[in-house]
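Visitor: First the structure, which I've put down as structure tokens, then a few questions once you've had a look.
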Amino acid sequence: MLRMRVRPPSAIPVFLIFVLLPFVLTSKPITPHYGPGHITSDWCGFGDSRSDCGNQHTPKSLDIPQELCPKFSSRTGSSMFISMHWNNDSDFNAFGYSNCGVEKVFYEGVNFSPYRNYTCYQEGSFGWVSNKVGFYSKLYSMASTSRCIKLINLDPPTNFTNYRNGTCTGNGGTAKMPDNPQLVIFNSVVKVSTQFVLPSSSDGFSCTKHLVPFCYIDGGCFEMSGVCYPFGYYYQSPSFYHAFYTNGTAGLHRYICDYLEMKPGVYNATTFGKFLIYPTKSYCMDTMNYTVPVQAVQSIWSENRQSDDAIGQACKSPYCIFYNKTKPYLAPNGADENHGDEEVRQMMQGLLVNSSCVSPQGSTPLALYSSEMIYTPNYGSCPQYYKLFETSSDENVDVTSSAYFVATWVLLVLVIILIFILISFCLSSY
């Protein structure tokens, strides 16, 4: 009679199963640090008093770690929007913003908000919020393919005669007309054309593109001395044309701006009649051969001042990552109620170290990937985050770090292989 010898299963595979399985089942994700971050040291920031170490109330006035001030181009009371449109005077604190970095963090904008209650004509302060959204949307988009940004002055035209500069009618006639673009009103209706030059470089900075404002006043013709004059003009070059014209019945006049990306070159600014604008400043930018989304942090006042959501509206995927505050602006340990917000200070801590990933969920120093792999095309969609599921919004509800994700699945595969080995071993014993 044949006897079947059954060998007992090896204790080693069973031991491995019981040792590895708990790791598979209990591995946990690493929570990213919510706020802006950077992958390399080649980064820069743009700000206001909350990142200006020249402020007399530093460090209590800061929302960033004090040691990061050299990384930021900042001025108390200013913003990139204010500096685009106005010169430095008693009404507006303009600043020559200039900075370079592959990665960019923007934390400014609050100094021009509905709290200022500015209106030039009848657009109201919220009409200027729309202009602000348009400006930052174009700025962020252009900056995502640029390393350097510099505000530059343009040479004024010299061939004008018999004209006066335009003025605002809002705020009882006390509102200061934007200096950029400059509006001029001629004494007579004549077709006038003047040239302006967008340079290809400025003080050692390469300018392969310029952010230029084109502003106009809508609402039909303008009544002057019993005559209603059409309102219109255009910018033109052999490869560029942008215009506005209206000759309808005079109505509600609003000051509206388009923000244009223009290449270096010589352009004509030409009037259709009595009014003309020409640019006096531009944001000069170079061009990178890849795209790195910029990062913008919500810039608001405390609850005692009226703010807007222009930064959030302007900062959109794929060219910008927006970090929204979850609480009102609160500064119990700051210089005043509008400087030293605790939440933003915590958000900005992520800028103190290089991270391996920057995403809408935040940044983390843990990753299995190099910076070269992240810049193109994964900056903003981090390789070390595994998307568990998508939602109808732009952000993922949950993410898991790849270190744990990869380890979990490797261990799971090993356990499955060991189970098959054990089964095969048992079957072969019969």
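A Cβ is built for glycine as well, from the same backbone N, Cα and C atoms used for every other residue.
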Visitor: In Swiss-Prot, C53 is listed as disulfide-bonded to which of the following: C69, C100?
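Guide: Record-based pairing for C53: C69.
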Visitor: Return the single candidate from C120, C215, C221, C228 listed in Swiss-Prot as disulfide-linked to C168.
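Guide: The record-listed partner cysteine is C120.
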Visitor: Considering the candidates C284, C320, which is the cysteine that Swiss-Prot reports in a disulfide bond with C315?
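Guide: In Swiss-Prot, C315 forms its recorded disulfide with C320.
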Visitor: In Swiss-Prot, C257 sits in a disulfide bond; tell me which of C207, C215, C357 is on the other end.
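Guide: According to Swiss-Prot, the disulfide partner of C257 among C207, C215, C357 is C215.
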Visitor: Tell me which of C100, C148, C284, C357 Swiss-Prot records as disulfide-bonded to C207.
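Guide: Candidates were C100, C148, C284, C357; Swiss-Prot matches C207 with C284.
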Visitor: Please state whether DSSP places N117 (N-linked glycosylation site) in a helix, a strand or coil.
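Guide: In three-state terms, N117 (N-linked glycosylation site) counts as coil.
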Visitor: From the Cα of N159 (N-linked glycosylation site) across to the Cα of N324 (N-linked glycosylation site), what is the distance in angstrom?
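Guide: The separation of the Cα atoms works out to 48 Å.
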Visitor: Under DSSP, is C69 (disulfide bond) part of a helix or a strand, or is it coil?
Guide: helix
Visitor: Could you list the residues of the same chain, at least six apart in sequence, whose Cβ is under 8 A from the Cβ of C69 (disulfide bond)?
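Guide: When sequence neighbours closer than 6 are ignored, C69 (disulfide bond) has S51, D52, C53, T58, L62 within Cβ distance under 8 Å.
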Visitor: Secondary structure at N289 (N-linked glycosylation site) (DSSP, helix/strand/coil)?
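Guide: Assignment for N289 (N-linked glycosylation site) reads coil.
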Visitor: Which one is it: of the recorded positions N268, N289, H339, whose Cα lies the shortest distance from the Cα of C257 (disulfide bond)?
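Guide: Ranked by Cα distance from C257 (disulfide bond), first place goes to N268.
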